[in-house]
Amino acid sequence: MSIKFGMIGGGVMGEALLSRLIAQKIYDPDAVLVSEPSPARRDFLVSQYQVQVTDDNCLAAAATEVLLLAIKPQVFNAVVSDLAGIKVEAGQLVISILAGVPLKQLEWAFPAQPIIRAMPNTPATVGAGISAIASSNNTTEQHLDLARKIFQAVGEVVDVPETLMDAVTGLSGSGPGYVAIMIEALADGGVAAGLPRAIASQLALQTVLGTAQLLHTSELHPAELKDRVTSPGGTTIAGVTQLELAGFRSALIQAVVAATKRSQELGK
Ligand SMILES: NC(=O)C1=CN([C@@H]2O[C@H](COP(=O)(O)OP(=O)(O)OC[C@H]3O[C@@H](n4cnc5c(N)ncnc54)[C@H](OP(=O)(O)O)[C@@H]3O)[C@@H](O)[C@H]2O)C=CC1
Ligand SMILES: O=C(O)[C@@H]1CCC=N1
(Lines of atoms letter the chains of each structure in order from A; the text may use other names.)
(Lines give C-alpha, C1' and ligand atoms only; values in the text may rest on other atoms or scores of the structure.)
(Ligands and ions follow the chains in the order given, each with its own letter.)
Protein backbone atom coordinates (compact mmCIF):
# COMPACT_ATOMS: atom_id res chain seq x y z
CA MET A 1 0.00 0.00 0.00
CA SER A 2 1.32 3.49 -0.76
CA ILE A 3 2.07 5.88 2.10
CA LYS A 4 -0.74 8.43 2.36
CA PHE A 5 0.12 9.90 5.76
CA GLY A 6 3.71 10.77 6.69
CA MET A 7 4.62 12.05 10.12
CA ILE A 8 7.96 13.54 11.16
CA GLY A 9 8.49 13.14 14.93
CA GLY A 10 6.83 10.28 16.79
CA GLY A 11 6.72 11.79 20.29
CA VAL A 12 3.90 12.64 22.70
CA MET A 13 1.63 14.68 20.39
CA GLY A 14 2.46 12.69 17.29
CA GLU A 15 1.44 9.50 19.06
CA ALA A 16 -1.75 11.09 20.43
CA LEU A 17 -2.87 11.94 16.89
CA LEU A 18 -1.64 8.71 15.39
CA SER A 19 -3.42 6.51 17.93
CA ARG A 20 -6.82 8.04 17.16
CA LEU A 21 -6.31 8.19 13.38
CA ILE A 22 -5.58 4.46 13.39
CA ALA A 23 -8.31 3.55 15.93
CA GLN A 24 -10.91 5.47 13.92
CA LYS A 25 -9.68 3.89 10.68
CA ILE A 26 -9.06 7.30 9.10
CA TYR A 27 -5.74 5.86 7.96
CA ASP A 28 -4.81 2.22 7.60
CA PRO A 29 -1.53 1.50 9.51
CA ASP A 30 0.00 0.30 6.22
CA ALA A 31 -0.58 3.77 4.76
CA VAL A 32 1.20 5.58 7.62
CA LEU A 33 4.95 6.18 7.82
CA VAL A 34 6.46 7.78 10.94
CA SER A 35 9.97 9.20 10.83
CA GLU A 36 11.59 9.13 14.25
CA PRO A 37 15.29 9.07 15.30
CA SER A 38 14.93 6.90 18.42
CA PRO A 39 15.05 3.15 17.60
CA ALA A 40 13.23 2.30 20.86
CA ARG A 41 10.47 4.74 20.01
CA ARG A 42 10.18 3.36 16.47
CA ASP A 43 9.86 -0.19 17.86
CA PHE A 44 7.19 0.99 20.28
CA LEU A 45 5.14 2.66 17.52
CA VAL A 46 5.31 -0.48 15.38
CA SER A 47 4.26 -2.79 18.19
CA GLN A 48 1.51 -0.48 19.43
CA TYR A 49 -0.01 0.75 16.15
CA GLN A 50 1.47 -1.49 13.41
CA VAL A 51 2.47 1.64 11.42
CA GLN A 52 5.53 1.80 9.18
CA VAL A 53 8.59 3.56 10.64
CA THR A 54 11.84 5.03 9.37
CA ASP A 55 14.72 7.23 10.49
CA ASP A 56 14.69 9.01 7.13
CA ASN A 57 12.54 12.17 7.20
CA CYS A 58 12.60 12.35 3.39
CA LEU A 59 10.67 9.06 3.13
CA ALA A 60 7.91 10.36 5.43
CA ALA A 61 7.83 13.62 3.47
CA ALA A 62 7.05 11.68 0.30
CA ALA A 63 3.58 10.69 1.60
CA THR A 64 0.90 11.26 -1.02
CA GLU A 65 -1.85 12.94 1.06
CA VAL A 66 -0.56 14.53 4.27
CA LEU A 67 2.80 15.38 5.83
CA LEU A 68 2.35 16.05 9.55
CA LEU A 69 5.20 17.85 11.31
CA ALA A 70 5.28 16.81 14.98
CA ILE A 71 8.84 17.71 15.93
CA LYS A 72 9.88 20.38 18.45
CA PRO A 73 10.12 23.93 17.06
CA GLN A 74 13.83 23.93 18.01
CA VAL A 75 14.63 21.24 15.38
CA PHE A 76 12.40 22.69 12.64
CA ASN A 77 15.27 24.25 10.66
CA ALA A 78 17.36 21.06 10.84
CA VAL A 79 14.41 18.97 9.62
CA VAL A 80 13.71 21.39 6.77
CA SER A 81 17.39 21.13 5.72
CA ASP A 82 17.00 17.32 5.67
CA LEU A 83 14.14 17.71 3.20
CA ALA A 84 15.89 20.13 0.84
CA GLY A 85 15.48 19.15 -2.79
CA ILE A 86 13.10 16.22 -2.31
CA LYS A 87 10.23 15.84 -4.77
CA VAL A 88 6.80 15.80 -3.14
CA GLU A 89 3.39 14.74 -4.43
CA ALA A 90 1.48 17.63 -6.01
CA GLY A 91 -1.28 18.72 -3.65
CA GLN A 92 0.20 17.04 -0.59
CA LEU A 93 -1.07 18.91 2.47
CA VAL A 94 1.52 19.93 5.06
CA ILE A 95 0.17 20.16 8.61
CA SER A 96 2.34 21.63 11.37
CA ILE A 97 1.51 21.35 15.08
CA LEU A 98 4.69 23.19 16.09
CA ALA A 99 4.21 25.82 18.78
CA GLY A 100 5.10 29.28 17.53
CA VAL A 101 6.28 28.45 14.01
CA PRO A 102 4.27 30.82 11.79
CA LEU A 103 2.72 30.08 8.39
CA LYS A 104 5.24 32.50 6.83
CA GLN A 105 8.11 30.27 7.96
CA LEU A 106 6.27 27.11 6.89
CA GLU A 107 5.57 28.66 3.45
CA TRP A 108 9.26 29.44 3.09
CA ALA A 109 10.07 25.79 3.89
CA PHE A 110 7.30 24.28 1.71
CA PRO A 111 6.77 26.93 -0.99
CA ALA A 112 4.68 24.85 -3.39
CA GLN A 113 2.38 23.20 -0.89
CA PRO A 114 -0.88 23.98 0.89
CA ILE A 115 -0.22 24.33 4.62
CA ILE A 116 -2.28 24.16 7.80
CA ARG A 117 -0.89 25.43 11.09
CA ALA A 118 -2.65 23.62 13.92
CA MET A 119 -2.53 23.58 17.71
CA PRO A 120 -3.98 20.45 19.34
CA ASN A 121 -3.62 19.53 23.03
CA THR A 122 -2.79 16.37 24.97
CA PRO A 123 -6.40 15.34 25.86
CA ALA A 124 -6.36 14.42 22.15
CA THR A 125 -4.96 11.10 23.39
CA VAL A 126 -8.42 10.18 24.72
CA GLY A 127 -10.41 11.96 22.02
CA ALA A 128 -11.17 14.90 24.32
CA GLY A 129 -8.78 17.40 22.80
CA ILE A 130 -9.42 20.74 21.18
CA SER A 131 -7.45 21.88 18.14
CA ALA A 132 -7.33 25.23 16.42
CA ILE A 133 -6.42 25.41 12.75
CA ALA A 134 -5.30 28.23 10.45
CA SER A 135 -4.48 27.85 6.77
CA SER A 136 -2.16 29.32 4.16
CA ASN A 137 -3.59 31.18 1.14
CA ASN A 138 -3.22 28.25 -1.25
CA THR A 139 -5.30 25.77 0.76
CA THR A 140 -8.66 24.78 -0.70
CA GLU A 141 -11.88 23.86 1.10
CA GLN A 142 -10.91 20.20 0.47
CA HIS A 143 -7.63 20.66 2.32
CA LEU A 144 -9.46 22.29 5.22
CA ASP A 145 -11.99 19.44 5.29
CA LEU A 146 -9.13 16.92 5.41
CA ALA A 147 -7.45 18.81 8.28
CA ARG A 148 -10.78 19.06 10.14
CA LYS A 149 -11.32 15.30 9.68
CA ILE A 150 -7.86 14.58 11.13
CA PHE A 151 -8.27 16.84 14.15
CA GLN A 152 -11.93 15.89 14.74
CA ALA A 153 -10.59 12.36 15.31
CA VAL A 154 -9.02 13.71 18.52
CA GLY A 155 -11.74 16.09 19.71
CA GLU A 156 -13.23 19.48 18.87
CA VAL A 157 -11.87 21.75 16.11
CA VAL A 158 -12.04 25.54 15.82
CA ASP A 159 -10.93 27.69 12.88
CA VAL A 160 -8.97 30.80 13.88
CA PRO A 161 -7.03 33.47 12.01
CA GLU A 162 -3.31 32.83 12.24
CA THR A 163 -2.81 35.94 14.36
CA LEU A 164 -4.54 34.11 17.24
CA MET A 165 -2.53 30.89 17.13
CA ASP A 166 0.02 31.94 19.78
CA ALA A 167 -2.81 32.82 22.17
CA VAL A 168 -4.46 29.45 21.44
CA THR A 169 -1.11 27.82 22.27
CA GLY A 170 -0.92 29.73 25.57
CA LEU A 171 -4.46 28.71 26.55
CA SER A 172 -5.53 25.30 25.23
CA GLY A 173 -2.16 24.01 23.97
CA SER A 174 -0.44 24.52 27.32
CA GLY A 175 -3.63 24.48 29.42
CA PRO A 176 -3.57 20.75 30.28
CA GLY A 177 -0.34 21.47 32.19
CA TYR A 178 -2.02 24.17 34.29
CA VAL A 179 -5.08 22.02 34.98
CA ALA A 180 -2.89 19.04 35.97
CA ILE A 181 -1.08 21.24 38.49
CA MET A 182 -4.42 22.44 39.84
CA ILE A 183 -5.63 18.84 40.33
CA GLU A 184 -2.37 17.89 42.02
CA ALA A 185 -2.59 20.93 44.32
CA LEU A 186 -6.23 20.21 45.21
CA ALA A 187 -5.21 16.69 46.20
CA ASP A 188 -2.32 18.11 48.27
CA GLY A 189 -4.84 20.37 50.00
CA GLY A 190 -6.96 17.33 50.82
CA VAL A 191 -3.92 15.57 52.28
CA ALA A 192 -3.06 18.70 54.29
CA ALA A 193 -6.61 18.61 55.64
CA GLY A 194 -6.19 14.96 56.69
CA LEU A 195 -7.44 12.87 53.76
CA PRO A 196 -5.55 9.75 52.63
CA ARG A 197 -3.66 10.48 49.35
CA ALA A 198 -5.65 8.03 47.19
CA ILE A 199 -9.01 9.42 48.27
CA ALA A 200 -7.76 13.02 47.96
CA SER A 201 -6.57 12.35 44.39
CA GLN A 202 -9.86 10.70 43.40
CA LEU A 203 -11.88 13.58 44.90
CA ALA A 204 -9.70 16.22 43.19
CA LEU A 205 -9.80 14.58 39.76
CA GLN A 206 -13.53 13.90 39.75
CA THR A 207 -14.30 17.40 41.05
CA VAL A 208 -12.50 18.99 38.10
CA LEU A 209 -13.92 16.50 35.58
CA GLY A 210 -17.47 16.84 36.95
CA THR A 211 -17.32 20.64 37.08
CA ALA A 212 -16.11 20.80 33.48
CA GLN A 213 -18.85 18.37 32.40
CA LEU A 214 -21.51 20.38 34.24
CA LEU A 215 -20.38 23.66 32.68
CA HIS A 216 -20.23 22.01 29.26
CA THR A 217 -23.67 20.39 29.49
CA SER A 218 -25.54 23.20 31.22
CA GLU A 219 -23.79 26.06 29.40
CA LEU A 220 -23.81 27.90 32.74
CA HIS A 221 -21.37 30.80 33.00
CA PRO A 222 -18.55 29.74 35.39
CA ALA A 223 -19.37 32.71 37.65
CA GLU A 224 -22.98 31.49 37.94
CA LEU A 225 -21.82 28.02 38.97
CA LYS A 226 -19.44 29.54 41.54
CA ASP A 227 -22.33 31.56 42.98
CA ARG A 228 -24.47 28.41 43.27
CA VAL A 229 -21.76 26.60 45.27
CA THR A 230 -21.06 29.56 47.55
CA SER A 231 -23.39 29.60 50.58
CA PRO A 232 -23.52 32.83 52.61
CA GLY A 233 -21.03 32.57 55.44
CA GLY A 234 -20.20 29.03 54.29
CA THR A 235 -17.16 26.96 53.41
CA THR A 236 -16.74 27.82 49.73
CA ILE A 237 -16.52 31.57 50.25
CA ALA A 238 -13.86 30.90 52.91
CA GLY A 239 -11.86 28.97 50.28
CA VAL A 240 -12.55 31.51 47.52
CA THR A 241 -11.29 34.31 49.78
CA GLN A 242 -7.94 32.49 50.08
CA LEU A 243 -7.78 31.97 46.29
CA GLU A 244 -8.31 35.70 45.75
CA LEU A 245 -5.70 36.59 48.40
CA ALA A 246 -3.17 34.27 46.70
CA GLY A 247 -3.87 35.75 43.27
CA PHE A 248 -5.26 32.54 41.76
CA ARG A 249 -7.10 34.23 38.88
CA SER A 250 -4.19 36.52 38.18
CA ALA A 251 -1.78 33.55 38.18
CA LEU A 252 -3.84 31.79 35.49
CA ILE A 253 -4.18 34.95 33.40
CA GLN A 254 -0.43 35.56 33.64
CA ALA A 255 0.30 31.92 32.77
CA VAL A 256 -1.68 32.16 29.52
CA VAL A 257 -0.07 35.50 28.64
CA ALA A 258 3.46 34.19 29.38
CA ALA A 259 2.90 31.03 27.32
CA THR A 260 1.53 33.14 24.46
CA LYS A 261 4.68 35.32 24.55
CA ARG A 262 6.87 32.21 24.58
CA SER A 263 5.02 30.86 21.55
CA GLN A 264 5.69 34.17 19.77
CA GLU A 265 9.39 33.92 20.68
CA LEU A 266 9.65 30.34 19.37
CA GLY A 267 8.55 31.59 15.95
CA LYS A 268 11.35 34.18 15.71
N1 LIG B 1 3.04 18.08 24.09
C2 LIG B 1 1.99 18.89 23.91
O3 LIG B 1 1.12 19.02 24.78
C4 LIG B 1 1.82 19.62 22.63
C5 LIG B 1 2.85 19.74 21.72
N6 LIG B 1 2.66 20.45 20.55
C7 LIG B 1 3.74 20.59 19.60
O8 LIG B 1 3.98 19.29 19.10
C9 LIG B 1 5.36 19.18 18.75
C10 LIG B 1 5.92 17.93 19.37
O11 LIG B 1 5.84 18.02 20.76
P12 LIG B 1 5.90 16.75 21.69
O13 LIG B 1 5.23 15.62 21.00
O14 LIG B 1 5.47 17.18 23.03
O15 LIG B 1 7.48 16.51 21.69
P16 LIG B 1 8.27 15.13 21.77
O17 LIG B 1 9.69 15.46 22.13
O18 LIG B 1 7.53 14.15 22.61
O19 LIG B 1 8.22 14.61 20.25
C20 LIG B 1 9.08 15.06 19.25
C21 LIG B 1 9.66 13.83 18.58
O22 LIG B 1 10.45 14.28 17.47
C23 LIG B 1 11.62 13.47 17.46
N24 LIG B 1 12.71 14.15 16.76
C25 LIG B 1 13.72 14.90 17.27
N26 LIG B 1 14.54 15.33 16.28
C27 LIG B 1 14.02 14.84 15.12
C28 LIG B 1 14.40 14.94 13.76
N29 LIG B 1 15.47 15.64 13.38
N30 LIG B 1 13.66 14.30 12.84
C31 LIG B 1 12.56 13.60 13.20
N32 LIG B 1 12.12 13.49 14.46
C33 LIG B 1 12.85 14.10 15.42
C34 LIG B 1 11.95 13.26 18.92
O35 LIG B 1 12.81 12.17 19.08
P36 LIG B 1 13.85 12.17 20.34
O37 LIG B 1 13.00 12.21 21.56
O38 LIG B 1 14.59 10.88 20.16
O39 LIG B 1 14.68 13.40 20.18
C40 LIG B 1 10.55 13.00 19.50
O41 LIG B 1 10.19 11.65 19.44
C42 LIG B 1 6.05 20.45 19.25
O43 LIG B 1 6.33 21.28 18.17
C44 LIG B 1 5.04 21.08 20.18
O45 LIG B 1 5.12 22.49 20.13
C46 LIG B 1 1.45 20.97 20.22
C47 LIG B 1 0.40 20.86 21.07
C48 LIG B 1 0.50 20.23 22.37
O1 LIG C 1 5.07 23.39 25.91
C2 LIG C 1 5.07 23.45 24.68
O3 LIG C 1 5.89 24.16 24.08
C4 LIG C 1 4.09 22.60 23.89
C5 LIG C 1 3.21 23.45 23.01
C6 LIG C 1 1.85 23.43 23.64
C7 LIG C 1 1.96 22.42 24.68
N8 LIG C 1 3.16 21.97 24.78
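The backbone N, Cα and C atoms fix where each Cβ goes, glycine too.
Under the DSSP three-state reduction, G10 (NADP(+) binding site) is assigned to coil, being neither helix nor strand. For G10 (NADP(+) binding site), the Cβ neighbour count at a 10 Å cut-off comes to 24, with all displayed protein chains included. Residues or ranges marked as NADP(+) binding site by TrEMBL: I8, G9, G10, G11, V12, M13, A70, I71, K72, P73.
The Cβ of N57 (NADPH binding site) lies under 8 Å from the Cβ of I8, S35, V79, D82, L83, each of these being in the same chain and 6 or more residues away along the sequence. The NADPH binding site feature in TrEMBL is assigned to N57.
If you look up TrEMBL, you'll see 4-100 marked as domain 'Pyrroline-5-carboxylate reductase catalytic N-terminal'.
Across the domain 'Pyrroline-5-carboxylate reductase dimerisation' (162-266), DSSP assigns 90 helix, 0 strand, 15 coil. Residues or ranges marked as domain 'Pyrroline-5-carboxylate reductase dimerisation' in TrEMBL: 162-266.
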Any idea which of the binding-site residues I8, V12 has the thinnest Cβ neighbourhood at 10 Å?
V12
Pairwise C-alpha maximum, in angstrom, for the residues (I8, G9, G10, G11, V12, M13, A70, I71, K72, P73) that bind NADP(+) according to the record:
14
